[in-house]
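> From TrEMBL, here are the annotated features:
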- 19-146: domain '1-deoxy-D-xylulose 5-phosphate reductoisomerase N-terminal' (DOMAIN)
- T25, G26, S27, I28, A51, R52, N53, N138, E140, G219: NADPH binding site (BINDING)
- K139, S165, E166, S190, H213, S226, N231, K232, E235: 1-deoxy-D-xylulose 5-phosphate binding site (BINDING)
- 160-243: domain '1-deoxy-D-xylulose 5-phosphate reductoisomerase C-terminal' (DOMAIN)
- D164, E166, E235: Mn(2+) binding site (BINDING)
- 275-391: domain 'DXP reductoisomerase C-terminal' (DOMAIN)
Amino acid sequence: MQYISDLDLQSRPDQPRHLAIMGSTGSIGTSALKVIRQHPEKFRIIALAGARNIELLAEQANEFRPQYLGVLEKDLASGLKKKLASGYSPEILAGTEGYTRLASLQNVQMVLSAMVGAAGLMPTLEAVDKGKTVLLANKESLVLAGHLIRAGCERTRAVILPVDSEHNALFQALQGHGAGELDSVIITASGGPFWGRKASSLEDMKPEQALAHPNWSMGAKISIDSATMMNKGLELIEAHHLFGMPMDKVRVLVHPQSIVHALVQFCDGSILAHMGVPDMQMPIAHCLGYPRRLDPGLEPLDLAACTELGFYRPDPGAFPCLELAVEAMKSGPSYPVVLNAANEICVESFLTGRIGFMDIPRINSRALEEHCPTAVDSPREILNLDHQTRQRVSELVLQPAG
Ligand SMILES: NC(=O)C1=CN([C@@H]2O[C@H](COP(=O)(O)OP(=O)(O)OC[C@H]3O[C@@H](n4cnc5c(N)ncnc54)[C@H](OP(=O)(O)O)[C@@H]3O)[C@@H](O)[C@H]2O)C=CC1
Ligand SMILES: CC(=O)[C@@H](O)[C@H](O)COP(=O)(O)O
Ligand SMILES: [Mn+2]
């Protein structure tokens, strides 16, 4: 991988790392804070940003006392201020401009990009532009702008450390192996709550069933993406950008136990696997401590207790989103932007009861069919296309299925 090079963090191993956590109130953000609580001497939190959950953000702020906080809107900033401990008055920034400022603060070395969806794009690009080490959970940034992120890293020597469990596993399994040795990489999918079911039985699935992930505790959007397997489609694109692998050399196997996170297949046919308990504190700790290992304080993986480890080919009939993502990536750089925006609207519409579960792949597919390729060479062009697609797909969700 081009992006992951010698970290200059290595030259200051005993200094606390200065962090900005974008999305601190989410599942990844709170898991990161759990890891940091166990190693307080190793980190100094300079900025914490959430969106609407000012109760939790205030709690986190009163505990970690960062100099800066970020929220979605100005009105939320005044509410947040009232919840802060007396005598503690950090600067509170709001909206996309505020978030991008937090991601580019001069005294921040590491930015954890853990906002959900396209909202994570601008802070991620800004952190890259300022040459930060970016702990990247927000896979949507790479789906939307992998080409810009790569170019930015080359220009500024910013470093991306993959937080997403499969990509973190690949990063570890690939270390020390040259491109000439590799055949392909495999990321695993749990299959989600509906693995093994036929497409026809999925039409009536309700949000609470789709949110019930069998192995991982995660935010709502990624949980629905796991249930449709769009998550794995987005992850194929993510792996392509992170590791510079052609799309047809990045594969998916369904592994319902989520113990093996990724595998590397070499040109001699042999396979190296990365295994670990399914808890995001594991890859987050790996990134926070990199290049040293940091103990996340979890129960170590007990292989003797893993009586079954199964691997299966995905079922494209029941989970068409996986193939939609592959096709989008192959069709040109504006297609993944359309797919991501369409999918965000579909997930929100499914969660609020406006469309059924299998309308998610149907409407995503329709959005891709309607799309005429367009330039996505700048953040502005990407955000314009994202916006237009959201408007169009908001109309599609109102039309009766058929
Ligand atoms: N959860 C997981 O295990 C994994 C997650 N990821 C990726 O990490 C990212 C975060 O996922 P997860 O933690 O599950 O998500 P959550 O929904 O749990 O958290 C999302 C975070 O983003 C904030 N947020 C929501 N909307 C906006 C917005 N419009 N602008 C700015 N911030 C916003 C939320 O703030 P608030 O709550 O205050 O409103 C919250 O802090 C996603 O890209 C996901 O794909 C990748 C691998 C695993
Ligand atoms: C924890 C993590 O990295 C998620 O992306 C996870 O992989 C989701 O589970 P699925 O494998 O079901 O998509
Ligand atoms: Mn993942």
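Including glycine, each Cβ sits where the backbone N, Cα and C put it.
Because the structure is a prediction, the values reported are computed rather than measured.
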> Distance check, please: Cα of D164 (Mn(2+) binding site) against Cα of K139 (1-deoxy-D-xylulose 5-phosphate binding site), rounded to an integer number of angstrom.
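Cα to Cα, D164 (Mn(2+) binding site) and K139 (1-deoxy-D-xylulose 5-phosphate binding site) are separated by 8 Å.
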> Of the binding-site residues K139, E166, H213, N231, E235, which one has its Cα closest to the Cα of T25 (NADPH binding site)?
K139
> For a quick check of understanding: given the listed NADPH-binding residues T25, G26, S27, I28, A51, R52, N53, N138, E140, G219, what is the maximum Cα-Cα distance in angstrom, as an integer?
21
> Please check the binding-site residues N53, D164, N231 against ligand 2 and give me the ones with CB under 6 A, sequence order.
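Near ligand 2, sequence order: D164, N231.
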> Please find, for K139, S165, E166, S190, H213, S226, N231, K232, E235 as listed binding 1-deoxy-D-xylulose 5-phosphate, the greatest distance between any two Cα atoms, in Å.
19
> Including all protein chains displayed, how many Cβ atoms other than that of S27 (NADPH binding site) lie within 10 Å of its Cβ?
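Excluding its own Cβ, the number within 10 Å is 19.
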> In terms of Cα spacing, which of the binding-site residues S27, A51, N53, E140 are within 10 angstroms of E235 (1-deoxy-D-xylulose 5-phosphate binding site)?
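Matched binding-site residues: E140, sequence order.
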> Closest of the binding-site residues to H213 (1-deoxy-D-xylulose 5-phosphate binding site), Cα to Cα, picking from S27, A51, N53, E140?
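It is S27, whose Cα lies nearest.
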> Checking the binding-site residues N53, E166, H213, N231, E235: which ones have Cβ within under 6 Å of ligand 1?
N53
> Out of K139, H213, which of the binding-site residues is least crowded by other Cβ atoms within 10 Å?
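Each of the binding-site residues K139, H213 was scored; lowest Cβ tally within 10 Å is H213.
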> Just the number: how many Å between the Cα atoms of N231 (1-deoxy-D-xylulose 5-phosphate binding site) and S27 (NADPH binding site)?
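Rounded to the nearest whole number, the Cα-Cα distance is 16 Å.
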